[in-house]
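Enquirer: From TrEMBL, here are the annotated features:
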- A:1-10: compositional bias 'Pro residues' (COMPBIAS)
- A:1-25: region 'Disordered' (REGION)
- A:11-25: compositional bias 'Basic and acidic residues' (COMPBIAS)
- A:36-57: transmembrane segment (TRANSMEM)
- A:99-291: domain 'ABC transmembrane type-1' (DOMAIN)
- A:105-127: transmembrane segment (TRANSMEM)
- A:134-155: transmembrane segment (TRANSMEM)
- A:167-190: transmembrane segment (TRANSMEM)
- A:211-236: transmembrane segment (TRANSMEM)
- A:270-291: transmembrane segment (TRANSMEM)
Amino acid sequence: MSRTTAPPPPREARPTADRRHRNPTDVRRAGWSTRVVLLVLCALWMLPALGLLVTSFRPVDDITTTGWWTALGDVFDPTAWTTQNYVDVIVAQGMGNAFLNSLTVTVPATAVPILAAAFAAYAFAWMRFPGRNFLFIVVVALLVVPIFVAFVPIFRLFNTLGIQGDFLSVWLAHTGFGMPLAVYILRNYMAGLPRELIESAKVDGASHFQIFWRLIIPLSFPALAAFSILQFLWVWNDLLVALVFLGSAADVEVVTVRLQGLLGSRGQDWHLLTSGAFVTMIVPLIVFFSLQRYFIRGLTAGSLKG
Amino acid sequence: MGQFGGAIFAIAVGLLGALAFYWLLNKVVEALPPAWENRLKPYVFIGPAIVIVATFLVFPALLTIRDSFHGSNAEEFVGLANYRQLLGDGSVWSLLLNNAIWIVVVPTVAVSIGLAVAIMTDRLSSTWERVTKALIFLPMAISFIGAGVIWRFVYEWRPPGRPQIGLLNAIVEAMGFEPIHWLGTSDLRLNTLLLTVIMIWLQSGFAMVLLSAAIKGVPDETVEAARIDGASEGQIYWRVVIPQIKSTIFVVTTTVMILVMKIFDVVFALTQGRFNTNVIANQFYFELFQVRHQGRAAVLVVLLIIAVIPIMIANIRRLRQEEALR
């Protein structure tokens, strides 16, 4: 997941109408060669993940003696399939507990930065104040700063505060690291909202606080949704921040850290690795596929061409 | 489960607390005389975000630069000793070469594949376009460590004679060759290239989505005009469409590039930097948590900061140009 340079400024959504409906005689239909290339590409893209999924449902002895593709020949043989790997990894290997920890980490680490960023984005887009340009340039510059810069100093800070290894420490860290991108995406979106709307609200005597809550927040839904999904996926899939600030004690470790632990200690136990990896993926895949629409719209709405 | 309930409680308190904080700050400012209210209100809105950013990124960056001139505990001043040690013994150059391979290969290939898929799917019916894009886009939801497990299984190697359960070696064996220890082979940096494949697999979909939206934003008239002038489909893309989506290509390429500069999880999961596959971020982790030398770890971060400065400048210039157009 990338949190660094932001996608281009989403402004008002422009309908990306399908040209073919407008121009039925269009010659640009895909030929057979294009279709074959795409088919091969899709197959290549799915194959590694398919191997993981199939393996995670095979009995241990089968996994170590034959390739996963042989199981596709025994689809109807009940002895070729098992859910035992999942039971093992969730119960005995602590993946179930790690799953709850991941939820605990991810939800606040997504919600809090959005709130703070939305306020700041509104001010950058619609308020005039000294230092505005300078501060915004600082934010843009910070988009590319590698988060490694923060590790040692923040580690020391958290130690002094005595919160190192607590959930609070990762909530704060993800809030800090996610902030520049959140401010940038939201500010670009909000700046693209129609000026007349905000002016007329002001004329009607609305305060900035009211304009922000009643007008800007509802209108910025696509950008808020896109950033939430991005931040959610980033936090859920993060390994390094969790490893550094939370550590691998059983009561706090998250799914990525647990999976890394399995890789280190059970590196050849493919039944545990594959089912464990799949457990880590379930939530992001659900979030991603159910919200894909908003994600793409929020990131790509308008203003993309050069 | 009890702990999860506690977390939910903490979330509610945290969010309500944050909301109450903004509301209260706003009330205080509104109670001031109007001149002061107008002067201070913007800082109520940006204040918390700026404080967070300063605490978590700006000050740490300055402290890290300071640390790079200090010893293992960040206490005694050692001048350039850490730099001399890391850049002098040559080992860091191998890391930099690997990082350079990552930085060149991944953005180039991922953006090319993304662009090709965006162009090709544009000609499918909308249902097939959606399905194809979803499949290519799917890895974007997978963590680097999850992807690491997936691909370690593809590259799995066992000595000849034992059953090969890794896909790649099964193919190699079926063709009559000896199985290859893929991740242990650093000739021509083969293993690093195989690791970059994972990142390409993860990032092509991201490039595709943004480029596809850009292509759909190209005005039909320009394409029609070229077609009437007798341009071939290839010429239309090279001469008409691609020049118009240049800025999106730039944005996507830099985004992937920055991500790749900090590459950590993939290498950490598959080789831990062994077999000549080490990169700056992994060495940083090693110096910090195994060797426990904060000074040398800081030097590695400073190297990363220097590497991103050109991208930072390009970003700011692009922002300035966009603002000038607004």
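Glycine is treated like the rest: Cβ placed from N, Cα and C.
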Enquirer: Is the transmembrane segment (A:105-127) packed against any residues at least 6 beyond its ends, judged by a Cβ distance under 8 Å, and which are they?
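Expert: Residues 135-136, 167, 170-171, 174-175, 178-179, 182-183, 186-187, 189-191, 193, 198, 208, 211-212, 216-217, 220, 224, 227-228, 231-232, 235-236, 242, 246, 254.
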Enquirer: Taking a Cβ cut-off under 8 Å, which residues six or more beyond the ends of the transmembrane segment (A:134-155) line up next to it in the same chain?
Expert: 4-6, 124, 164, 173, 176-177, 180-181, 183-184, 187, 240-241, 244-245
Enquirer: Residues sitting near the transmembrane segment (A:167-190): Cβ under 8 Å, six or more positions beyond its termini, same chain?
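Expert: Counting only partners 6 or more residues beyond its ends, the transmembrane segment (A:167-190) has Cβ contacts under 8 Å with 3-4, 6-11, 104-105, 108-109, 112-114, 116-118, 120-122, 124-126, 136, 139-140, 142-143, 147, 150, 154, 158, 216, 220, 222-224, 226-227, 230-231, 234-235, 238, 241-242, 245-246, 252, 298.
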Enquirer: Determine whether the transmembrane segment (A:211-236) and the transmembrane segment (A:36-57) share at least three Cβ pairs under 8 Å, counting only pairs 6 or more apart in sequence.
Expert: no
